[in-house]
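*Asks:* Got a structure for you, written out below as structure tokens; questions coming shortly.
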Amino acid sequence: MYQVLWIVFVSALLSNQLDQSNCQTTCAPNQCPKSFFDDAFVISPDKLCYDINDQVSFTCSGKGGGPPSNTCKGNGGPLQGWELPPGTCEVFTCTGPVDENLILNPNKSVFEAREEVSFSCNEGYELTGPEKAVCDEQETWNPPTAPTCLVICYIPDLDHGTVTPTITIKVGDTAKVTCDVGFSVYPPSSSIMTCQADGTWDQEPACLEICNVAAVNHSQHTEAKDIEHTETLEIICDEGYSFNGKTKFEVTCEDGQLIGNLTDTCLASCTVAAVNNSNHIEDATILSGEEITINCNHGYSIDEIIEYNIRCEDGELFGKTTDTCYGDCEKLSPPPNGQVSDNYRHGTTATFSCSDGYSLNGTAEVTCENGNWNSVDVVVCYDTSITCNAPTSADVSLTIQPDKLSYNVNDTISYSCSNSKALKGPAEAVCSQDGEWDPPDLPVCRGNLARGVWLLTIASSLCMFLLH
């Protein structure tokens with residue numbers, strides 16, 4: 001019978017199925033049972049019952065707690081004869097949470113009993129959930145909720161503006177862009193930004209400087225106006241005004257700089273009156289900065305030219321301003337043994353000259369006046385070797401001035417009488433080109449000039465008497 005009980009006891013011991021009550025009943029009163037300690041401990045030395053003063057040490061493959069060793073004192077009691085309370089040995093694990101952007105510290109996949117882990121996220125992500133957790137039981141974390149890493153959008157640095165809110169933005173959240181005074185958001189639709197799933201904003205706004213367009217005189221733009229980046233303002237000049245040849249023009253803002261036609265005034269147009277004898281037969285209006293070309297009709301000119309331009313500058317005409325093109329004169333033929341300059345336009349002067357050995361007889365210069373020469377004298381070139389001899393007369397009373405032996409062609413002599421005689425015949429003569437005097441006949445001196453005058457006076461008085 002006792003042999004059977006012993007065999008059963010040994011079998012239970014070998015199979016680790018003896019509970020504490022069995023051991024207690026097995027150990028002697030002054031012994032200390034092994035069952036007092038957690039089964040998870042590895043006890044050295046290892047036996048079911050320990051005698052007084054036996055000392056044991058513990059090894060825990062999991063999370064151990066309490067004294068690393070104990071001594072058997074015997075006599076039972078709450079500690080079943082052991083000197084110190086029993087320790088703890090927890091042997092269980094927890095699998096760390098998995099998230100590709102979650103950082104674990106310490107960085108491992110399996111954690112032991114009561115082990116603590118800290119959580120953080122990769123850059124560009126924000127931690128949601130607990131920052132720490134403890135492996136509390138087998139595959140049980142405390143707190144139980146696993147953390148996650150959510151994408152975030154960083155608030156951009158914005159020149160000349162601010163973004164609100166200033167805290168980190170999560171996917172789907174929005175932020176508002178506000179620009180400083182004098183600046184506007186571009187593109188205009190980007191004042192509200194939304195954080196996207198990839199951590200970027202759906203808009204890339206900028207605060208760009210506003211442009212001020214000053215008022216333009218003589219236009220519909222009578223007051224200064226601010227326009228935003230890329231905005232275009234059309235300026236329409238008043239009737240009769242323009243700028244750069246246009247009655248309306250545009251200016252565009254480019255980050256504080258105005259691009260286009262920059263002016264503070266529209267300029268007055270000009271009226272070009274019709275020009276007689278030209279292609280410009282009716283009055284015409286041209287804009288400031290524009291030119292009009294006047295072509296005189298064939299046979300007409302102005303100041304020696306047949307084509308000229310008139311330019312308008314803010315209501316004032318520059319160039320030749322006339323109401324008519326003038327007629328040209330018939331070209332002159334040179335005299336024999338002479339030349340004439342090739343001038344025949346209105347206002348020009350034609351000059352006659354003679355070849356060597358010849359002198360000019362007539363008007364040396366004539367001017368064209370609207371199709372007519374101002375002189376119609378015949379011009380000749382005479383041979384300077386031809387002279388006229390001094391006239392000879394038997395009448396000693398005839399005086400010739402100037403008194404010379406010979407005279408050149410075109411020289412003029414005058415006749416007079418001495419001794420109070422009266423001159424009968426030509427008073428002058430000219431040396432002609434054939435070397436003869438014109439007129440050829442000499443005058444004569446006759447009677448007494450004073451006596452003749454006395455007789456003429458008496459005759460005149462007698463006639464007056466008879467009439468009365």
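Placement of Cβ uses the backbone N, Cα and C atoms for every residue, glycine included.
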*Asks:* Going by TrEMBL, which one of C325, C381, C388 is joined to C354 by a disulfide bond?
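*Replies:* In TrEMBL, C354 forms its recorded disulfide with C381.
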*Asks:* According to the record in TrEMBL, which candidate from C388, C417, C445, C463 pairs with C431 in a disulphide?
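*Replies:* Answer per TrEMBL: C388.
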*Asks:* Do you know offhand how many angstrom separate C381 (disulfide bond) and C431 (disulfide bond) by C-alpha?
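*Replies:* Distance (Cα to Cα, whole Å): 14 Å.
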*Asks:* May I ask for the distance between C354 (disulfide bond) and C431 (disulfide bond), taken between their Cα atoms and rounded to an integer number of Å?
*Replies:* 19
*Asks:* Does C431 (disulfide bond) have same-chain partners at least 6 apart in sequence with Cβ under 8 Å from its own Cβ, and which are they?
*Replies:* T387, C388, Y407, N408, V409, N410, D411, T412, I413, W437, D438
*Asks:* For the domain 'Sushi' (152-209), how many residues does DSSP put in helix, in strand and in coil?
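*Replies:* For the domain 'Sushi' (152-209), the helix, strand and coil counts are 4 helix, 27 strand, 27 coil.
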*Asks:* Using DSSP, how many residues of the domain 'Sushi' (386-447) fall into helix, strand and coil, respectively?
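*Replies:* Looking at the domain 'Sushi' (386-447) with DSSP, the answer is 0 helix, 28 strand, 34 coil.
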*Asks:* Report, as a single number, how many Cβ atoms besides its own are within 10 Å of the Cβ of C381 (disulfide bond).
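*Replies:* The answer is 22 other Cβ atoms.
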